[in-house]
Amino acid sequence: MTHPNHRPRLPGAAGRGLATAAAALGLGLVPLGVLPGTPAPRAHADPVADANRQAALVDQEDQRIMQTRSVLSAILMIGGQATAQWKRPQIFGSAQGKTLVLPPTTNGRPYTIADLAKFGGQYFRRQTDGSYLLGIHVFVADGAKLLLASGTSPLVLRMGSLPGAFSSIVSFGGTVQIKGTQRAPVQITSWNPRANAPDRQVADGRAYIRAVGGEFKMDYTKVSDLGFWSGRTGGIALTGTDRPSSASKHLNKEQRHAAKKKRQEQQQNGGNTGGGPGDIETETPGGTATHVPAADLVTGSITNSTVTGDAFGLFVSGSNQTQITNNEILNSQVNGLVMHRFAKNANIANTTVRGSRGDGFVLSRATEKIRVTNCTAEKNGHDGFTLNGKALADGPSASGESLESFGDSSINNSLAKDNGHYGIELLGGDKLSVQNSKVIGGDMGIVVRDAATNVQISGNQLTGQVRQGISLRDGVRDANLAGNTVDGARTGIYMRGSSATLLGNTIKGAKAHGISVIGSAGGSEIRDNTLSGSGTSAVSTSRSHGKVVKEDNNDDGWHDTASLWMKIQRYLTPLNVIWTCVFAVVIFSMIRARNDRQRIGRLGLHPYTLQQPLEKRQVWSLPRRSAQPQPRPMPARPGPMPGPMPGAP
């Protein structure tokens, strides 16, 4: 027996294999990673070599998990007393390392630290300081449960992690519960026994925890320095599975009876909805309803916990109704909290992400109905919050993905402060919203782009952005911006090639434009906004086309710094040119008429001198024509003109 204080050998250490069912089914016993006599990989290799090594390790982990699950499924299908001993916890060996497999218990009791010490042997030992060192992969099978809980003192679990060899805890359809208390939180970290310190080198792989389907719960836990390269091996990962985990599910008698009763109740109460028992129905915006088997999704909660120095702080995909509340995620090497493909109906509240090298919070494509409330993203290297609702494909694809966008997610009452790129970024999607939140610093405050539709941005306070407070660009349609306050940005609200309704926003201290509209903006409305600052224009629409309505905006506090030529260009519109020409013709005619009068006056002749009033004119009486027929006049003869007729006046 190994001495209690002896450090356990890690999966990468050389050792003799055990004659288990794994060997009977043909799995090799070559340990993971560094073979005997092979030098350990350098801690600081070039970036390309590091990337290739980590990607290969992720692939090896996937193979190990699939092989372990396949072997266990085959064992559980074998009947008879002869195979009963194989259905107990065993250590499987393979080309990817040794794995302690925990099958479901007959009484449903969860495995505990005591069971890990019992079945893990030399690979799981208690240290002199009271902590536990895990030197083997742990696989929690479908239907099995693992409970890691603190007692009167905190549980400290150190997951072995050496160059080329590391440990992990992976559940596949099972249940993992890590349960501490406020006074005695569970502490989990990677550990290098040679350095007697946490493993902070990710190039050669690092210990991690992952739940594939099933259920995962973590409460009052401090996690540090776990994970490498990918989301699923990034530290703490909750992932669904693209293959049905129920295909080889082994149920005991009580579980079979409970499942049968549940199916009968659903058939009686739920009727025929087109899906199978236990399915959930999901619906994409504007698309048709689809059914996702419930057994393929992971559920769970992470509460009152701290995650420090992981590759990915928390990674969730293929999940339903995950609850993440009252957590702190610090100094992640990639992103802080990532909700990845097909994560739906999640609630993220009262969680802080600080100091990540990438983004703070990420809601990736194919995520829907995720609520982020009272959260803080501070001093992250890229964006504070990123919501991506774009479709998985924009045309025919090998996987046949839908062209529908995703959305209906929101950020409420949250804070983005001093992040390296944008405070909040929305990419595509439908019905995304940012409400009653604060954005401090950053290059831009809230950026909406990539043809997002029906976006709601309301009640937010933005302060100290370098370029633009709120930016809508690249095909955004039917956005609504209401009641936002932007203070100190060069341009308060910027629109490019987008349409939106801007109502009741307040812009303070702008240095270029209060509101700037460029490109196609037909159907946009700019009403009842208050703008103060100094710059070339309070509301600039001179570079836009399409009908833009501007009404009742208050720019009394705006100081116009535009040059004379800029002001001329501002008012030099086609309609203004036409009216200017009309008035010019009228004025020219008036001036010319006045000049004509002055010229006639200089000649000394009044233009109406030869005209007399009607009453002063001489009256001439014309003779009345006689009623007697007049003789026909004869041709005139040459001679003198006859004189006047007698009696003529």
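Cβ coordinates are placed from backbone N, Cα and C, and glycine is handled just like the others.
Here TrEMBL flags 529-543 as compositional bias 'Polar residues'. The compositional bias 'Pro residues' feature in TrEMBL is assigned to 630-649. The domain 'Right handed beta helix' annotation in TrEMBL covers 301-391, 409-544. Annotation comment: TrEMBL describes 239-292, 529-554, 616-649 as region 'Disordered'. Marked as transmembrane segment by TrEMBL: 571-591.
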The compositional bias 'Polar residues' (529-543), counted residue by residue under DSSP: helix, strand, coil: 0 helix, 13 strand, 2 coil
Close approaches to the region 'Disordered' (529-554) from elsewhere in its chain (Cβ under 8 angstroms; 6 or more beyond its ends): 492, 495, 499, 502-523, 560-562, 566, 569-570
Tally of DSSP helical, extended and coil residues in the domain 'Right handed beta helix' (301-391): 0 helix, 44 strand, 47 coil
DSSP helix/strand/coil residue counts for the domain 'Right handed beta helix' (409-544): 0 helix, 87 strand, 49 coil
Local confidence of the domain 'Right handed beta helix' (409-544) - pLDDT mean: 97
